[in-house]
Amino acid sequence: MPLFIKPGGVRCRIAPSPTGNLHIGTARAALFNYLFAKKYGGKFILRIEDTDIERSDKVFEKNILEGLQWLGINADEGPEAGGPHAPYRQSERTASYKKYIKKLLDEGRAFYCFHSEQELKFEAKEQMSMKLPLFHLCSFRDMPQSEAETKKAAGQSAIIRFKIPTEPSNHQITFQDLIRNQVHFFTGLLGDFSIAKNLETPLYNFAVVVDDHEMAITHVIRGEDHIPNTPKQLLIAEALGWTTTNEFGDIVPPWRYAHLPLILGPDCSKLSKRHGATSVDEYREQGYLPEALFNFMALVGWNPGTDKEIFTKEELIQEFSIENVQKAGAIFDIQKLDWMNGEYIRRKPLSELAELTMPFLKESGLLQITNHKSQITNDYLKKVLALEQPRLKKLSEIGERTDYFFRAPAYNKGLLRWKDMNDEKVLAALKRAEEIIKLKVKSLKSKIEIEKIFLEEIGEGDKGEILWPLRVALTGKKASPSPFEIMEILGKEESLKKLKTATRKITG
RNA sequence: GCUCCUAUCGUCUAGUCUGGUCCAGGACGCCAGGUUCUCAUCCUGGUAACCCGGGUUCGAAUCCCGGUGGGAGCACCA
């Protein structure tokens, strides 16, 4: 299918409404728009759809802006970046909407509807009970505008509806979708849908069309949940005179559509709160790296057709192809995200990882404690991180995994037992370890040397008999890096101190 | 209820247009083994899918028809 790319002319947009924090689904849609635009050297535009003043909140707008920035999905035009089609907030674009609503009203393509919400709800219920399709062909559709104005002046409240063409009575609307090819709808089932509460407050379907036109959008890439809105938007665009007609008589808008498959929760329904984390900042707080999330989201619903899975942003832009986007919804598999995040963590230079984990260490209280006790240097932290790097899936795990480097670990003495050892044997093992450290090991500078000495001392015996109690004494954990690596970082004095604590746990 | 979208391992997917090289490939997960005091990393192996039924054809995951399943949408939300 032709992609309708004019060189440098691609203009994509993400149009979130600030009624909640940046949702994973919105971020993914933004990502695909971004990748598509960048691939063809075009522009990615951010537009805030805050026409619903009741539900919109600046706090959410800020969250969305920050979330996209964190992910590295940067807008070329938007409320912050500015641009030739400013303003980029719908709440600041009312003049445009007003102009076009008036136009439709004057040309008889829209009308005032005086039905109350209760009346409409009742009608909907009736239709439902009669097993009729749910739509509203309004009885006010043919009221002359002058009469409607008088009614309004008398204080009757009204909303503005689009007058669905009834000639021909059940016209088929077809549009081309870059992902799904042709999609068909019938106008007979649409009803006279609402387009504005009044001249100043447009509703979604109307505002989108006006803005996409005014912002010269070339490709509308959005979630599949918008497919049913498309015929309405097409009809509005047509009424406003922005469309052309192809040889089959189909309405052809000035932009192309691409409807993305939905992101689903584990139960195959649209990803929502009850599935757990749905907002980008929840992932950020859990210690997922933006590059990992970026990479992972690109792979849900799309793949390059090769075995490659780890991509830089630039590679993704290069490789992305809208024609390889999946049609069916995709479950958001956190296990795979975890794996990928681990991959990214393992590839991070230690200095960067140190910076990234710092906030998490502070949050778990580990950094403050040591700050006044002993000098915790960046070098020390880097050594600790080098040990945990292959184990870390999320940055937030860092505290629980490395606490013993910063404070005395809490554990039960039973943990010190290797296999079926009794207290006496544990005590002997600890003593033995202490002796080896004290007498045989000159300094604890090299883990290789420490290991060599320990293995020589243990000889043919069960290594676990000494190494397990030693390691638990050092860490207080049943799983951790090797005692040699740990002692290298801890140093002789601190290591012996921890052995003593362990001994006391048993002797009481 | 109505409308629309959709269908390959548990999950993300390759292969479908241009039928044979696919008793279906990769990745995550899971299982087993190796390295190992433990855990992780790393390495080796394994597990597991063409929604169903017809047809076309020498041959179908791939083409046609009919079912079924799943999802989304039906606001004075976006």
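Glycine residues also receive a Cβ, built from the backbone N, Cα and C atoms like all the rest.
Taken from TrEMBL, the feature ATP binding site covers A:Lys273. Cβ neighbour count for A:Lys273 (ATP binding site) (all protein chains, 10 Å cutoff from its Cβ): 11.
Summarising the annotation, TrEMBL assigns domain 'Glutamyl/glutaminyl-tRNA synthetase class Ib catalytic' to A:10-339.
Annotation comment: TrEMBL describes A:352-502 as domain 'Aminoacyl-tRNA synthetase class I anticodon-binding'.
Sequence-distant neighbours of the motif ''HIGH' region' (A:16-26) (same chain, 6+ residues past either end, Cβ-Cβ under 8 Å): 46, 48-52, 55-61, 63-64, 66-68, 223, 262-263, 270-271, 277-281, 283, 297, 332. Residues annotated as motif ''HIGH' region' in TrEMBL: A:16-26.
When Cβ-Cβ distances below 8 Å are used as the criterion, the motif ''KMSKS' region' (A:270-274) is approached by residues 23-25, 225, 262-264, 332 of the same chain, each at least six residues removed from its ends. TrEMBL lists A:270-274 with the feature motif ''KMSKS' region'.
DSSP classifies A:Lys273 (ATP binding site) as helix under the three-state reduction.
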